Amino acid sequence: MAQRIVVTGTDTGIGKTVFAAALTDLLGACYWKPVQAGLAEETDSHRVQRLADLADDRLVPEAYRLAAPASPHLAARLDGVSIDPLCLNPPDTGGRPLVIEGAGGVMVPLTADTLYLDVFARWQWPVVLCARTSLGTINHSLLSLAALRSRGIAVLGVAFIGDANADSEETICRLGAVKRLGRLPWLPELTARSLQHAVAAEFRRADFAP
């Protein structure tokens with residue numbers, strides 16, 4: 001089976017999709033967002049395609065496309081849709097790696113009684129945890145790491161996003177016993193080229209090897 005990496009986060013709106021685009025490009029991977037909630041603006045798949053300059057055949061179609069920009073369990077209810085977590089299984093990517101992006105944080109509910117964490121535990125694929133660098137990140141990051149490990153999920157490391165914060169980054173990695181993969185800074189002009197350069201300066205492909 002081709003390499004598969006799950007990208008999750010400590011919260012929503014922290015830059016997880018931008019990092020997923022960067023990782024997809026770095027690995028020459030395909031990309032899959034199992035559940036897209038919010039269709040009025042650019043979807044996460046389209047944003048990743050633009051920022052990673054992906055051909056259409058490297059985008060795996062979403063299993064569910066929901067109109068409301070909300071937690072998947074609520075967006076599905078508003079659309080009158082029933083999400084079946086057991087159907088969230090990506091197709092074969094022909095030997096190419098696959099980057100899978102969750103929604104929001106680790107504990108976001110997919111249904112009334114199923115969390116994304118439950119799906120990650122069933123998949124048992126390694127996870128990259130995206131964490132912001134601003135105030136409050138230590139608590140959120142350590143709780144997320146504890147939740148993942150409580151279900152036996154391997155964590156490749158933490159990808160920090162935001163302005164440099166050496167103490168918070170070091171504290172999270174030391175207390176969380178986790179690898180620091182790098183830090184993706186805020187980019188004044190976010191393009192495929194600027195993202196590629198930022199990733200090349202901070203991240204190593206070897207750190208994501210199976």
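All positions are counted from 1 along the displayed chain.
Backbone N, Cα and C define each Cβ position, glycine as well.
What Swiss-Prot records for K33 is active site. Taken from Swiss-Prot, the feature ATP binding site covers G13, I14, G15, K16, T17, V18, E101, G102, A103, G104, P185, W186, L187, and the record attributes it to sequence analysis. The Mg(2+) binding site feature in Swiss-Prot is assigned to T17, E101; the stated evidence is sequence analysis.
Structure with Swiss-Prot features highlighted.
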residue: G13; record: ATP binding site; DSSP (3 states): coil
residue: K33; record: active site; DSSP (3 states): coil
residue: E101; record: ATP binding site; DSSP (3 states): strand
residue: P185; record: ATP binding site; DSSP (3 states): coil
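In terms of Cα spacing, the binding-site residues G13, E101, A103, L187 that come within 10 Å of the residue listed as 'active site' are E101, A103. Burial estimate for the binding-site residues (G13, G15, P185): highest at G15, by number of other CB atoms within 10 Å.
Within 10 Å of the Cβ of E101 (ATP binding site) there are 26 other Cβ atoms, across all protein chains.
The record assigns G13, I14, G15, K16, T17, V18, E101, G102, A103, G104, P185, W186, L187 to the ATP site; their largest pairwise CA distance measures 23 Å. Ranking the recorded positions T17, K33, A103, L187 by other CB atoms within 10 A of the CB puts L187 at the bottom.
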